[in-house]
Every structure is written in structure tokens, then in C-alpha cells.
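Only one structure is covered here, and it is reproduced in the block below.
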Amino acid sequence: MELSSLTAVSPVDGRYGDKVSALRGIFSEYGLLKFRVQVEVRWLQKLAAHAAIKEVPAFAADAIGYLDAIVASFSEEDAARIKTIERTTNHDVKAVEYFLKEKVAEIPELHAVSEFIHFACTSEDINNLSHALMLKTARDEVILPYWRQLIDGIKDLAVQYRDIPLLSRTHGQPATPSTIGKEMANVAYRMERQYRQLNQVEILGKINGAVGNYNAHIAAYPEVDWHQFSEEFVTSLGIQWNPYTTQIEPHDYIAELFDCVARFNTILIDFDRDVWGYIALNHFKQKTIAGEIGSSTMPHKVNPIDFENSEGNLGLSNAVLQHLASKLPVSRWQRDLTDSTVLRNLGVGIGYALIAYQSTLKGVSKLEVNRDHLLDELDHNWEVLAEPIQTVMRRYGIEKPYEKLKELTRGKRVDAEGMKQFIDGLALPEEEKARLKAMTPANYIGRAITMVDELK
């Protein structure tokens, strides 16, 4: 079978392939090879720019332009050529080195220094920087923009429904009212914290040889300050430098990055489930789309499929991300190869998350508050005013306020008239009685509206 969306084993590349297209140029085999080529070329250019490395003279402008073009115009055909070479070498990074030697063979100035391609490097020098560039690109260009869309979409709901009262539920039972907007603001605030934290994760890299001590570098050029050279090179790629490593960059930052993504995903699962529940309670209605079918046998169904799809894919995403976060920082002695196959799945966890983000955004776009139902539900739960009444009774020293309200309301339905009669019988100042009698389940919402307005 030819590989296609119909024959792909993973639904990430199959059924949902169109939803993860933004990740293909980053996390695919092509993407990894593209970043490896970039690192190898920039390393050669860095060597040529150092006066003490006389065997690699400073490149002429044409040679620099030629090397830059190899990086900028790296194509699928180039990637395919590397894979062809790899069939002989059985070593993926060495195949990149040989590919570059082929590319520079026609330029005498570059051909003369071709043995300095991959100079003093271990494969992991190239790989760790390539993975760092992959993750930085994905974070900055894909993940954070999607997070911003989600946060802004939920903030829009908060503002739109800032004053729509909602009967809260704790333990699934009626509780002190809030507003739809305030509940959305709670989620947006949590997400904003994770957004800031993800943006602040230091993406690290190293280029220091087989065990992190520049052994081969110093053997060849003892007069060069390779530690400084390494720092300059890594930071020139837009990556933070890690000066202390074994053969591998220890991947702690990947754990930090993915733990943060998993936390955001968990917050989104919480949101998906809450909205699913609000739809089930008829608090939200869903806009219907012509032609869509909710059930193969029940024609009336309008299911919350977007939030269900999101929840399921977020679970898969977190399973992958959390495994990566716990596995990658552990490597035997100066390195073992267990991280290699795991690192090839960086895009899988992000891919499932991306599918989920788009599903939630679609679901949010179809939500409409069922205002009449919300008000009706509040009107059938006057017992929630037991809280403010007993609290005011405490202020004025009335004996056993909690117990009296418990006797009136626990396990019972109390209407507006019953509450007013109870208030009239209390030894309270008349202005306090009037204030309490003006309260309804729909307006007993505390600072909910103000807190939405204060959300940044």
C-alpha cells in the first residue's frame, strides 16, 4: 500500500493529518534532517570565522552564500538523498555529513575544507541542537499561538457572559451562584500562567564532544578556548547554552517544556469536561451545522463531539508527553541509546495536543448560553440564599444561625416567599432585612462581574 491518509497507521498522520500540517516541517524526518544540516553548516562557518583555526581560512562571500543557500533551500529531494546515503552508512548523522561533502564538492574553496564538516563533533552534538531548534520552533510558531487563540476565545466567553448568573455546583449539588463569565475567567487565568511559564522555559543545547569535555577539540587545537567557542556557537542559534553535560544534553529542559504543555492540557481537559456538563444541563446550547449528523439512529442528537474529541486527544497527548518528561532525563553513565528512539516521538505528543486545541476552538465557536434555563434553575433553588442569611445573622449575634438555616433548607425546596417569611422573623435591623429580601439566587453573585472586568 502507498502511504496516505487512508493507509497511515497513526491517526495523527491519517484521519487528522490536515490538522497537524503545521508540524510536518518541524517534527518529521525531513524536519530533523533540515535542522541537522543547519547545525552542521553553521558549525563549519563558525570554524572558518576563528583566526586560530588556520586550516579553515575565512570563507569568501560567495562560499558563505553557497552554504547559506544549502540551509535555506533544503528540499525534500535533499532529504531523500540523505536517506539514500543512510542505507549504506546505517548511520543517520554520518549520512548528513556525507551529503554535505557531496554538496560542497563542486566549490573548490569548500571542498578543500570538507573534512572539517562535523569536526570534533559527536552525533549528539548535532542532534541535541537540532531537537532544540525543533522544539523552539514548535513552541514559538505553533504551540503558543494556539494557546493564545484558546485563551482569547475563553476570555471572549468570559466578557460576553460576564453577568449571566449560574447556579454553581459543588459535589454536583446546588451551591452559591456565580456567573458564566466568572467561570470562564477562572480557566483563562489558569491558562495564562502556563502560557507565561512555557514562554520562559530555557531551551538548552551543547556542543562539547563525546563526553562533554572537548577532548578531541583540545587535542587538535589546544590554543582555542573551546568552552567559549561552544557558548558562542550555541547561543548564535538562539538556544541557551548548557556548559555541563555528558555525551548528551541531559534533556531536563524537555521535561520542563512538556510538563508545562501537559499542565495546560490538563486545564483544557477540565474545561472540556465542564462545558460538556453545562451542555448536558442545558446551560449551553450548540449551534447546529447543516448536514451534520449526531447519531446514526437518533436524528435529534446534537452531541458535544468537539469537546469529547478534544478530551480524548489531550489524554493521548499527555500520555506521550509525560513519558518523554520522565524518561528523557535518565541516561546510563555518559549516555545510552534509549533516548534516541523516544526523541523521534517529540511531534507525536504535540500532534495529539494540536488536534485537541482545534476541536476545543471549534466547540467554543458553537456555544450559545441558554439564559432562560439558567434563570429558571436559579429560581428553583432559593435555598442557596441560606449562606448569606446565616452569615448576616452571625454579624448581629443571633443564636445558632447556621443550625436554623440548616433546619429550614437542608434537603428541602424553599421558594422566595418562604425565604422572605424567615427573614421577617429575624431580630435584624429593618435595613438589613430589606437588603436580604432584595437578594435573589440570580443576583447573589458577589464580585463575579467585577472579577471578569479585572481579568487581564
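Backbone N, Cα and C atoms are what each Cβ position is placed from, and that goes for glycine too.
Lys94 is the residue among Lys94, Lys103, Lys136 that Swiss-Prot describes as N6-acetyllysine. Among the candidates Asn265, Asn309, Asn370, the residue that Swiss-Prot annotates alongside Arg15, Tyr16, Asn90, His91, Asp92, Gln247, Arg335, Ser340, Thr341, Val342, Leu343, Arg344 as binding AMP is Asn309.
Note on Lys362, Lys366, Lys420: Swiss-Prot annotates N6-acetyllysine at Lys366; no matching annotation appears for the rest, which is not proof of its absence. For the AMP site listed in the record, the two most distant Cα atoms among Arg15, Tyr16, Asn90, His91, Asp92, Gln247, Asn309, Arg335, Ser340, Thr341, Val342, Leu343, Arg344 lie 41 Å apart. Using a 10 Å radius centred on the Cβ of Gln247 (fumarate binding site) and all shown protein chains, the other Cβ atoms total 20.
Its own atom aside, the Cβ of Arg15 (AMP binding site) has 13 Cβ atoms within 10 angstroms in the protein chains shown. Secondary structure at Ser123 (N(6)-(1,2-dicarboxyethyl)-AMP binding site), taken from DSSP and collapsed to helix, strand or coil, is helix.
Among the recorded positions His171, Val302, Thr341, Lys366, not one has a Cα within 10 Å of the Cα of Asp92 (AMP binding site). In the three-state DSSP assignment, the secondary structure recorded for Asn303 (fumarate binding site) is coil. Fewest Cβ neighbours within 10 Å among the binding-site residues Asn90, Thr122, Asn309, Ser340: that distinction goes to Asn90.
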